[in-house]
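Undergrad: Can you keep this structure in mind? I'll have questions shortly.
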């Protein structure tokens, strides 16, 4: 509304200046006529009387014109004061807009930082998950090895029991054989004393006794070997138990670390959501300050069969917002929210529009349309040539931004449903 009032004031000012110029020209004409009347005063008295009466009327009209000029000057001064106040208010709004943009930039940096931290946490969590899986695999392998060791221990224990039974039997046999030897020796002594058998029988008995003693020593060595195997099996079982305990403690620590990282990841996601809400609010505030309805002008190059000249203001408040046309020695000035000259690229135009696409992604209704005569460049601006990146129009670039942003936000839990209609 303020800009509309400023434009109306400027138009009124121009109209008053034109009126003042026309009145000045009228004044000059009147003065010329007055001089002509004075020169012809001596020639014709009647003409002088008529000229005097006409001069009096023109004097009265001149006084009225001077009063009107004074009143118009006062109005111009008042409009200039109003324009100055509006410019100051516009400057304050631009300063506030800059502050909001700085805050939005800071929030965007914070969101990017949180997003990077989240990605780092996700990678760390994935690494910990892999490590946890490997630890679980090691734990399962340790459990399987432990169960195998237990089986081996049980087998060894059964073998030891069997060997112990054999040992007892061998000892019993040895004691029995010893008893037999003793009985044989006693019998030998008795026989020597009583019957006096030959020495050959004594040698046979001694050979039999030596064989029994050798069998007993072999059994003793086998018992020692089995005891050594039993001790090594017990040592393996102890090491397996220690490895299992260490694996379980490491698994518990990894589990606690994973829970801590998941908690930190949840907090980071909440911070990202809060930052996204603040960014949407600031972004919408900036666009509202710029104006919910904005009109841009894009000037295409003049063709060879077209006449006229186009220029752009280099100073004043219409820099980047105004355009001046020259046609048949007549100058026309226009002002818009933004003016793109003939050298502006498709990227330059989309940069100004991309904020509106972001507003659409934030949930606000947005409408962008091109208006102009046939051949003015509407299709080039809206569609362009999608086969070349630098010649893409607003529609392909907007779709690319929509899909890229939706893909980025899918990691935050957002879901988008795309629908396109053509009228």
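Cβ atoms are placed via backbone N, Cα and C, with glycine included.
Below, the features straight out of TrEMBL:
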- 13-173: coiled coil (COILED)
- 202-278: coiled coil (COILED)
- 292-423: domain 'Kinesin motor' (DOMAIN)
- 372, 373, 374, 375, 376, 377, 378, 379: ATP binding site (BINDING)
Undergrad: Please spell out the DSSP helix, strand and coil residue counts for the domain 'Kinesin motor' (292-423).
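TA: Residue counts for the domain 'Kinesin motor' (292-423) by secondary structure: 41 helix, 23 strand, 68 coil.
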Undergrad: Starting from the Cβ of residue 377 (ATP binding site), draw a 10 Å sphere and report how many other Cβ atoms land inside it.
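TA: That number is 15.
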Undergrad: Determine the Cβ neighbour count for residue 373 (ATP binding site): the number of other Cβ atoms within 10 Å of its Cβ.
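TA: Its Cβ has 7 other Cβ atoms within 10 Å.
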Undergrad: Neighbours of the ATP site 372, 373, 374, 375, 376, 377, 378, 379: Cβ within 8 Å of the Cβ centroid, same chain, sequence order.
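TA: Result: 370.
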Undergrad: Using a 10 Å radius around each Cβ and all protein chains in view, which of these binding-site residues has the most neighbours: 374, 376, 379?
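TA: It comes out as 376.
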Undergrad: Considering every residue in the coiled coil (13-173), what is the mean pLDDT value?
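TA: Computed over the coiled coil (13-173), the mean pLDDT is 74 on the 0 to 100 scale.
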Undergrad: Would you say which of the binding-site residues 372, 375 has the most Cβ atoms within 10 Å of its own Cβ?
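TA: Selected residue: 372.
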Undergrad: What are the sequence-distant neighbours of residue 378 (ATP binding site), meaning same chain, six or more residues apart, C-beta distance under 8 angstroms?
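TA: Residue 378 (ATP binding site) has long-range Cβ partners 370, 371, 372.
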